[in-house]
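See below for the structure under consideration.
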Ligand code: JCF
C-alpha cells in the first residue's frame, strides 16, 4: 500500500502512518501473518495520535486512531435491516446433511453429486451486520430479531479486524457484510485472569464474554476486550461487484480487508459435505475459538437465487450442529474432596445425564467463591458443559427452574475424611483440612503423587492399591512402601503372587532416582518439576536446599517469595525432615549432580511443546530444555521464544505462526539439544 505524496510533510506522515497501521491490521487479521511486533504498532498509533492532536483538522473518521474515544451512549438506537438477517435450518446428523444435498439437487434438477458447496465452521459468537458507503464503515448492528437490531457502531469500530475503510482504490458505493463477533479461548482466559486479579466477575464462556462486551454503552470498555470479527456473507453490494459464486465473494471480501474463516472449503456433493462436517468435528478441539457446527452453502449464486427461501431460512444453506456439549440436570448433593495439600474441593453430585455421548454424574464446583458466583444450591437445575476431556463444569443455574426447597451449599467445619478442623487461611479462596498427613485422604493423595510417573515412577502402584494399603494401615509414610514384602502384598484381594513380586521389583528399581524427581515427589506446595529442577541446578545437593534461608531460595530463577515460603516451611517441619531421613534409610538414592554452574544458554527463554513427539516423550523434552535454563510453558504468547511442534500440532502451532514465533520440528530440537548439552562449561579444573 503506498501513500500519496503531498507537499505537506505533516499530511505525508499522517497518511504513511495510517497506511502502515492498516497494512499491519490486514496482515495480522486477514492473512494471519503478523508483519510487525505489537510494540511497533502501538508506537505508530501513538505517533499518529500525537500528530492528529496537533492538527485536529486532519482527523478523519476512518483514521486508525478513531477506533476508540467515542463517548458512552445513553442506549443503542434501533436499526432496521434492509435485508433480513435470517437464521439457518439445522441438520443434526449425516442423514439430515445428505437430505439437504438431495433437496437441493431435486430443486435444481441436477445430479446432487455434482453440486459444489462452500463450507466453513460455524462460529459460536454473535451475528452482526456492517454497512460501508463508498468504502467507509457507517453502521454496525446486532442481529436482534432478524428485522431490527441495535446500532452498536462505536463498539464495533474498536475491533481491529473490522476495517474502518475498505482496501483498494476502486470501491463499491454500497456494501453490507455480515459475520460473527467472537472471543478466542486465549483472549477469554486472559480477560478472566485479569478479572480474577482485580476481584471482579468472571465470564462463564467466550460467547457470554463477547455478548457482554458488545452490549457495553462505553466503547472504551469494548475496546479493552479481545473481540474478533469474521465475515461470512455479503448481504448487499452494487451489481457490478457481484461474483458467480459465494466463494469468489469471500475472496473479494478478503481483498477488501475482511478476515474470513481460514477453514473455508469448497466441496462437491453430499459426500463432500459429510466429509467436511467430520473434519470440523475432529478439528474443533484444536481451534482457539468455539464452534458449534459447520455452515454449508450452495456455492453458485445463480443456483442460490433459484432456490430462494422458505419462511425464515434460505434453502441454499444449512447449519450442521455438533452434538450439544451442554445439558441441563439437577444437583442432588455436594460432597467435598480432600486433595494432596488438604484442599477441599466441592463436587456436585448430579442426576446422571448424557453430554456429547458421555454419561456425566459429577461436576466440579472449584471452590466456595465459584458457588457464590453461580448462586448454586442443592436441588437447583443447572447447565453443565463438557468440552474435550476436561472435567465437566457447571456453567449456570437455571433460576426459573429453582424449586421451593433448595439447600445452601456449605463448607463443612470438619474434614469429611478425618474430622480435623477445616481452615480458610487469610483471604485464600481455598479451605483446607488441617489434618496434614494424619488425614487418610491427604496421605493417599501424597502417596499417589510420590509414586506417580514424573516423581518416583513406581510401576504397578496404582490408585486402588494405594487406597487399600492406606486403609489397612500397612502404609502411612512413603518410606513404608519400601518395607512392603511380597508375601504380605499377595494377601490383598485381586493381588496374585506374580503381581506382588513385580511390585516389589519395581519398588526396588525406583529406589534409584534423581534429585529433582525426589524433591518433586515430596509434594511441597507449588513445587512442580520445573521448580525442583531449578532448586537442584542452583544448590546442587539436598542438604543445601533443606538448609537454605527464605532469602537464598528467592534468588533461584523463577522462585518468588510465596514459593520460597512454602519450601522453607516444608523443611522447617521436623516430621518432613524425618520423612526424608527415613526414605534415605530405606535406600532411596540418586546420583550426585556436578557442582558448579552449568551453562544455561536458554536462560530467560520460554519454550512451548505441542503435538506428539516421536523420539522423546514430552517430559524428556521438557526436562532437557529446563536443564538448559528454559522455562517450558503450556501456552503461546508474544514472549514465547520458540514452539516445538510434533505430529498433529494444533492451535498452539497456529497461534505461534500468527504471532511470528519461531517454530521448530522435533529433529531440529534434537539437533539443537545435541549442540547445547555439552559438559558443564564453567567447571573448574580440579
Ligand atoms: O459462523 C457462523 N455462525 C455463521 C452463521 C456462518 C455463516 O456462514 C452464516 C451464518 C448465518 C447465516 N451464514 C448465514 C447465511
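Cβ atoms here come from the backbone N, Cα and C positions, even for glycine.
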### Summary
Students should find that the region 'Disordered' stretch in TrEMBL, chosen from 53-73, 74-94, 95-115, is 53-73
## Note on the structure
Given that TrEMBL records 415, 418 as binding Zn(2+), the matching residue among 277, 439 is 439
## Note on the structure
NAD(+) site partner of 38, 39, 40, 41, 42, 87, 88, 120, 180, 297, 321 according to TrEMBL, chosen from 143, 157, 343, is 143
### Extra residues within 8 Å (Cβ to Cβ centroid of 415, 418, 439), Zn(2+)
338, 342, 416, 417, 419, 420, 433, 435, 438, 440, 441, 442
#### Entry: Rounded Cα separation (Å) that holds between residue 143 (NAD(+) binding site) and residue 122 (active site, N6-AMP-lysine intermediate)
16
### Message
So among 122, 415, 418, 439, all listed as recorded positions, which is physically nearest to residue 42 (NAD(+) binding site)? Use the C-alpha atoms.
### Response
122
### Query
What is the three-state DSSP composition of the domain 'BRCT' (597-686), stated as helix, strand and coil residue counts?
30 helix, 19 strand, 41 coil
### Query
At the level of the C-alpha atoms, what whole-angstrom distance separates residue 40 (NAD(+) binding site) and residue 122 (active site, N6-AMP-lysine intermediate)?
34
## Note on the structure
Smallest Cα-Cα separation from residue 122 (active site, N6-AMP-lysine intermediate) among the binding-site residues 38, 297, 415, 418, 439 is shown by 297
